[in-house]
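Record features (TrEMBL):
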TRANSMEM  B:12-30  transmembrane segment
TRANSMEM  B:36-55  transmembrane segment
TRANSMEM  B:62-80  transmembrane segment
TRANSMEM  B:117-139  transmembrane segment
TRANSMEM  B:146-165  transmembrane segment
TRANSMEM  B:194-213  transmembrane segment
TRANSMEM  B:234-261  transmembrane segment
TRANSMEM  B:267-286  transmembrane segment
TRANSMEM  B:293-311  transmembrane segment
TRANSMEM  B:323-343  transmembrane segment
Amino acid sequence: MTTALTCTNIHVDFDGFKAVNGVDLTLDRGEVHFLIGPNGAGKTTLVDAVTGLAKYSGSVVKDGVELRGKKVHHIARRGIGRTFQTATVFEQLTVAQNLDIAAGAGRSPWSLLRRRTVLPDNVVAVLEQIGLAGQAQTPAGILAHGQKQWLEIGMLLVGDADVLLLDEPIAGMGHEERDTTGRLLHEIAETRAVAVVEHDMDFMRAFASRVTVLHAGAVLASGSVDEVSNDPRVQEVYLGASHEQEAIDAATA
Amino acid sequence: MSRFFATRAGVWSGFGAAALVLFGAAPLLLSGFRLGLLAQFLCYAIVAVGIGLAWGRGGMLTLGQGVFFGMGAYLMAMHMKMADAEFRNGHGAVPDFMELAGIRELPAYWVPFASPVFTIAMILVLPTGFAVLLGFAVFKRRVKGAYFAILSQALAGAFAILLIGQQSMGGFNGLSRFRYFFGYNLDDAVNQQMLYFIAAGVLLVVVAVALQLRRSRYGELLVAVRDAEERVRFLGYDAANIKVVAYAAAALFAAVAGAIFVPVVGIISPASIGIVPSIMFILGVAIGGRASLVGPVVGALAVAWAQTALSEQFPSAWTYAQGLLFIVVIALLPGGIASVAALTKRFQAKSATVEAAA
Amino acid sequence: MDLLVGQLFTGLSTGSILLLAALGLSLTFGQMGVINMAHGEFIMAGCYTAYVTQQVVGDAGVSLLIALPVGFLVGGAMGLVLEWLLVRHLYQRPLDTLLVTFGVGLVLQQVARDVFGAPAVNVTVPEFLRGGVDLLGTAVPKTRLFILALAVVAVTVVALVLRFTAAGRRIRAVVGNRDLAETAGISSRAVDAGTFFIGSGLAGVAGVALTLIGSTSPTTGQSYLVDAFLVVVAGGMGRIKGAVVAAVALGTFQAVFETYSTASLAKVGVFVVIVVFLQLRPQGLFTLRTRSLA
Ligand SMILES: Nc1ncnc2c1ncn2[C@@H]1O[C@H](COP(=O)(O)OP(=O)(O)O)[C@@H](O)[C@H]1O
Ligand SMILES: [Mg+2]
């Protein structure tokens, strides 16, 4: 188990409003690391910072290289992949084309100017892994909601990302799809570092290797599921939310 | 049908049929005058192919193609004026319009255009290079959408005004009255026909290049950038580079079209490259179908033909028609005629399956 | 010294003309994201309103005072119709809106040509605006001072309306977050229509004012439009403040540049300056921060 990504003292400031306020975070390979926290805690903004979308102070180091100040596409090339709160795939293109594009960031101009004759091996493998082998020629726009999210994860895999930052990857999924996604995440995390931003506590309990709780832009607690669940400050922040969640779970069970 | 044209055999037969019409039927059936008009329309069609690529496929609404068209046209016109002057008054002579404007000394930047090779090289390099520079400046800073459209339009306006102010480029009247095209007398009908063949040949080449760009991995990437530019960045691509290629290709096509336009039509002036003519290039592309390959060609030819047929006799009605076409086609049929074909096909396919099921 | 004052004033004056033409755009393009290429023709409609009013009324001074509010109503009514017929169906397609409204502009130009003829017409400048006043040793035309004052008034009124009236608050709410505003019971349809009315009305006012310094032809509006758009682009989306600063800056730049070279080079200069400026601030002078990925 090696450390893939180290964030130190991250601050993000929106015209004086501190959305992220001194966060330290380490992501290790082999772990599914959950980032939880109430709405507005700064989870998405933290992901934005690491991937170069939001300006920040502090430092993000991957495998010994400082990422701060690098452009979005350079950071992506260094193996940091992300998904978005609302799944964004190329709707007009087929599933296979989506994956082929995601696999091709390193292609030479010459190979770009030619037609694709066969699907690259890793695209075929990932199609299988994300369960979309049967839909390879389907336009991504007509996939079901959950399938789009899997496709997005698959796009990061074929792009050789080894740090995956997934923003609410199970939003809108049913129970079965959630479990499939959870198992997929663990499969992926065998050789990679996976961070998952999530609200769903049950999903977190079932699949988290480690948990970091954000609140008002700062880290409230970090550790195993049990450690974090028993932390009194977390209970205080989350009491309302978790009761609410339990009530919802009970109602839908 | 569309399946067939997607195959290799289909592509070849498509090009074969087009070549038969352009190189066989048209010269046989049309008078010299009409063939000349068709050559002019083909120049617009070449511009349209580029717009289809940049706008239809890449989402870059370039309202300033007149700039690149004009660059190609003026560069060619400079050479032809130099050649004419040299023919009349010997090496280093001042072109006739400069004499009239009281310019006795040939401006230094005109001198190298005596060389045909230099001129052709400039036509290929200068507009494209300018598009690359401007494209980088704009796309790297993520200026896009409406902002890009307005900037490109402002560029067309600035370029036309700049030319109007330059007496040594013919000013408001532009450059006209050419006698020779690389040594061929333009009064000769045979040479006029040769110009038509050049325009037709270039159109086929340009369509082939656009086809290859569309079907390559680059073409898929371009559509991806059009639909979700930011996503492409997060996959590790520099989206600006992808856009610049399509923009530069469109500029190159327009420049070549301009260069052929000048000997065909015999005049180039700021009036045919400014804001309004630039946006008019869009109309044919929109009518034919911005995202399709052949649609822009057909649309551009149709608009040019209608313009010639109607604008002299019914100037007022033609302007209304243009305005209404913009309104109706873009608002109600954004996919252009090409999408009608696709829609009816889907409808037929649907009724076919219904019949099969019944 | 005289030269400097003269240039500064010319800059301010050019800037105020730009601003008048751009103010309505800043509302419709800046606040709603709608690119209305027919805005130039609304300006042209304002010009012809001034012309027709003078034909009817006769007295130049009275007709100017009547034409200003009438021009606002004419422009505003045209804007309302355009919004209702076309623009509202195209809100998610800004580039298509641009092309459709260009088509509308073409039609309106031809209407003007058919009604008033292609040659330019002139409006008589009222007695009290003829001649100039002495400003620090420079003779300054009164018409230009009038336009400057009108621009100041227009900007002030728009800013006050946006800030202090209920309608203004609704506009700002819809600009800030359309969905949230809807949830709060604001009809964004009505707000859009209202914004379009005001923005287009301002074009009409600009048109009336512009007859004081130039003649009117069917293509009058078009010649102002591109510059006006550049002002909005440089000023930043949705920012009246940005439009003011950008208009004055571009006006001054153009005026100074013109004295040292030619008017045509000044146009090119403006374009270069804006492209360079966008390198530094791609979102314009002042930006509304939003979370959208686009
Ligand atoms: N671009 C922005 N401008 C201003 N405020 C922002 C911006 N992005 C996020 N915020 C604010 O930062 C806070 C954190 O947001 P976010 O990271 O989306 O929270 P989470 O993902 O944890 O729900 C929120 O209060 C949000 O309103
Ligand atoms: Mg979030």
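Cβ atoms are placed via backbone N, Cα and C, with glycine included.
Counted over residue pairs 6 or more apart, the CB atoms of the transmembrane segment (B:36-55) and the transmembrane segment (B:146-165) come under 8 Å in fewer than three pairs, which marks the two as apart. Within the chain, the transmembrane segment (B:267-286) has long-range Cβ neighbours (under 8 A, six or more residues past its boundaries) at 44-45, 47-48, 51-52, 55-56, 61, 63-67, 69-70, 73-74, 77, 153, 156-157, 159-161, 163-164, 170, 172-177, 258, 261, 295-296, 299-304, 322, 325-326, 329-330, 334, 336. A Cβ distance under 8 Å defines the sequence-distant neighbours of the transmembrane segment (B:146-165), meaning residues of its chain 6+ beyond its ends; these are 60-67, 70, 74, 134, 138, 171-172, 174, 270-271, 273-275, 278-279. Most Cβ pairs within less than 8 Å of the transmembrane segment (B:293-311), among stretches B:12-30, B:194-213, B:234-261, belong to B:194-213. When each of B:12-30, B:62-80, B:117-139, B:234-261 is scored by its Cβ pairs under 8 Å to the transmembrane segment (B:194-213), the top-ranked stretch turns out to be B:12-30. Most Cβ pairs within less than 8 Å of the transmembrane segment (B:62-80), among stretches B:12-30, B:117-139, B:234-261, belong to B:234-261. Between the transmembrane segment (B:117-139) and the transmembrane segment (B:12-30) there are fewer than 3 Cβ pairs closer than 8 Å, counting only residues 6 or more apart in sequence, so the two stretches are not in contact. Only residues 6 or more beyond the boundaries of the transmembrane segment (B:12-30), in the same chain, are considered here, and those with a CB under 8 A from a CB of the stretch are 5, 38, 193, 196-197, 200, 203-204, 207-208.
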